[in-house]
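Features of the protein shown, as given by TrEMBL:
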| type | residues | note |
| --- | --- | --- |
| ACT_SITE | H79 | active site, proton acceptor |
| BINDING | D80, V83, G85, D87, S89, E101 | Ca(2+) 1 binding site |
| BINDING | P178 | substrate binding site |
| BINDING | H208 | heme b binding site |
| BINDING | T209, D254, D262 | Ca(2+) 2 binding site |
| DISULFID | C48-C129 | disulfide bond |
| DISULFID | C81-C86 | disulfide bond |
| DISULFID | C135-C330 | disulfide bond |
| DISULFID | C215-C242 | disulfide bond |
| DOMAIN | 38-334 | domain 'Plant heme peroxidase family profile' |
| SIGNAL | 1-28 | signal peptide |
| SITE | R75 | site 'Transition state stabilizer' |
Amino acid sequence: MAKVTNFFVALLLISSLLLAPYLSISEAADNSVPIVSGLSWTFYKTSCTKLESIIRTQLKKVFDNDIGQAAGLLRLHFHDCFVQGCDGSVLLDGSASGPGEQQAPPNLSLRAKAFEIINDLRNRVEKACGRVVSCSDIVALAARDSVYLSGGPDYGIPLGRRDGLTFATVNATLQNLPPPFANATTILSMLATKNFDPTDVVALSGGHTVGISHCTSFTTRLYPTQDPTMDKTFANNLKVICPTVNSTNTTVMDIRSPNKFDNKYYVDLMNRQGLFTSDQDLYTDSRTRGIVTSFAINETLFFEKFVVSMIKMGQLSVLTGNNGEIRANCSVRNADNKSYLASVVEELPVEEAWSDL
């Protein structure tokens, strides 16, 4: 009896130690993630006090009508930040100099509606505050609210990004976005160049807990022979949706809770029901298997690590201060960018002007 009592006491102590750091996910992230010089947690405190309320209120209406748009906005932020940094360059249309990032193969499946939503949010914000908020900040806030409004954690993000003046080439876009057929080694190597460790990689991959995929992103795992790491029943169900290697249909990324931001994506992986090679190999590979398991068991832990990794990602190669511009139209560079910068550059408190990550 004493042994049983001691076991439960030890279990309670371990649980309290595990849960204590996660009582406030936002506060934990605020304290643990270095902030790039030029960004601030309170950047629009005086220049656009209702910014976050405007965006969240409108997105709630959008998601009440179509929760699928949440995944589209989250993905847009990923594809913006991984290529040339979080500068809104993915929003730019192509020009005489060449095709924009949207024309690169990995971005062809970005939702057209996501771009419309961002421009609509930009117009609403400008109507309330004037042209003081960048499109890149709006994309970051929309991604955060997409996570929260679909069931995930709520958290603060540093703001003050400027919009880029150029878009990346198609080749640069391809080189910076891991393809769905990449294995864990490739993904870990690609993201290590952006200072992400294996925990970051697994946490960010958890964004696949919401959204859909086109068949062509994974049918090579079904045809001509089935990938042995894929559950047979799961594979047979996918073959009904995608009867040929070139099928144009779509299916959900997370079969357990496709429209809810939770940790079920990791449960999928443990059951060999990951859709992409880049998903399932995170459980197959010994370097990331334990992280997948811990997130599948502990959703709070996943949420905390996801927030930290998202804040890190949201600061990749950002433009701040007098660099870049604040676009009047998110899809087009301003004809004269200089006049919309000087008046809105915030003088940061010393404790927030930290060095780069």
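Cβ coordinates come from backbone N, Cα and C, glycine included.
Features as recorded by TrEMBL, highlighted on the structure.
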residue: R75; record: site 'Transition state stabilizer'; Cβ within 10 Å: 21
residue: H79; record: active site, proton acceptor; Cβ within 10 Å: 23
residue: D80; record: Ca(2+) 1 binding site; Cβ within 10 Å: 28
residue: C81; record: disulfide bond; Cβ within 10 Å: 27
residue: S89; record: Ca(2+) 1 binding site; Cβ within 10 Å: 27
residue: C135; record: disulfide bond; Cβ within 10 Å: 30
residue: P178; record: substrate binding site; Cβ within 10 Å: 19
residue: C215; record: disulfide bond; Cβ within 10 Å: 20
residue: C242; record: disulfide bond; Cβ within 10 Å: 23
residue: D254; record: Ca(2+) 2 binding site; Cβ within 10 Å: 27
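Per Cα geometry, C330 is the residue among the recorded positions C86, T209, C215, C330 nearest to C129 (disulfide bond). Of the recorded positions V83, C129, V83 has the largest number of other Cβ atoms within 10 Å of its own Cβ. Spatial neighbours are here defined as Cα atoms within 10 angstroms of one another, and by that definition the neighbours of C86 (disulfide bond) among the recorded positions C48, H79, D80, C330 are H79, D80. In sequence order, V125, A128, C129, V132, V133 constitute the residues six or more apart from C48 (disulfide bond) in its chain with CB-CB distances below 8 Å. Long-range Cβ neighbours of D87 (Ca(2+) 1 binding site) (same chain, at least 6 residues apart, Cβ-Cβ under 8 Å): D80, S136, R161, R162, D163, G164, S317, V318, L319, G324.
Ranking the recorded positions C135, H208, C242 by Cα distance from G85 (Ca(2+) 1 binding site) puts C135 first.
Listed in chain order, the extra residues whose Cβ falls within 8 Å of the Cβ center of the Ca(2+) 2 site residues T209, D254, D262 are G206, H208, V210, M253, R256, S257, P258, K260, F261, N263, K264, Y265, D268. The number of other Cβ atoms within 10 Å of the Cβ belonging to C330 (disulfide bond), over all protein chains shown, comes to 23. On a Cα basis, S89 (Ca(2+) 1 binding site) lies 9 Å away from C81 (disulfide bond). For R75 (site 'Transition state stabilizer'), the nearest of the recorded positions by C-alpha distance turns out to be P178; the candidates were P178, C242, D254. The 10 Å shell around the Cβ of E101 (Ca(2+) 1 binding site) contains 26 further Cβ atoms across the protein chains shown. Among the recorded positions E101, C135, H208, D254, the ones whose Cα is located within 10 Å of the Cα of H79 (active site, proton acceptor) are E101. The shortest Cα-Cα distance between V83 (Ca(2+) 1 binding site) and any of the recorded positions C135, T209, C242 is the one to C135.
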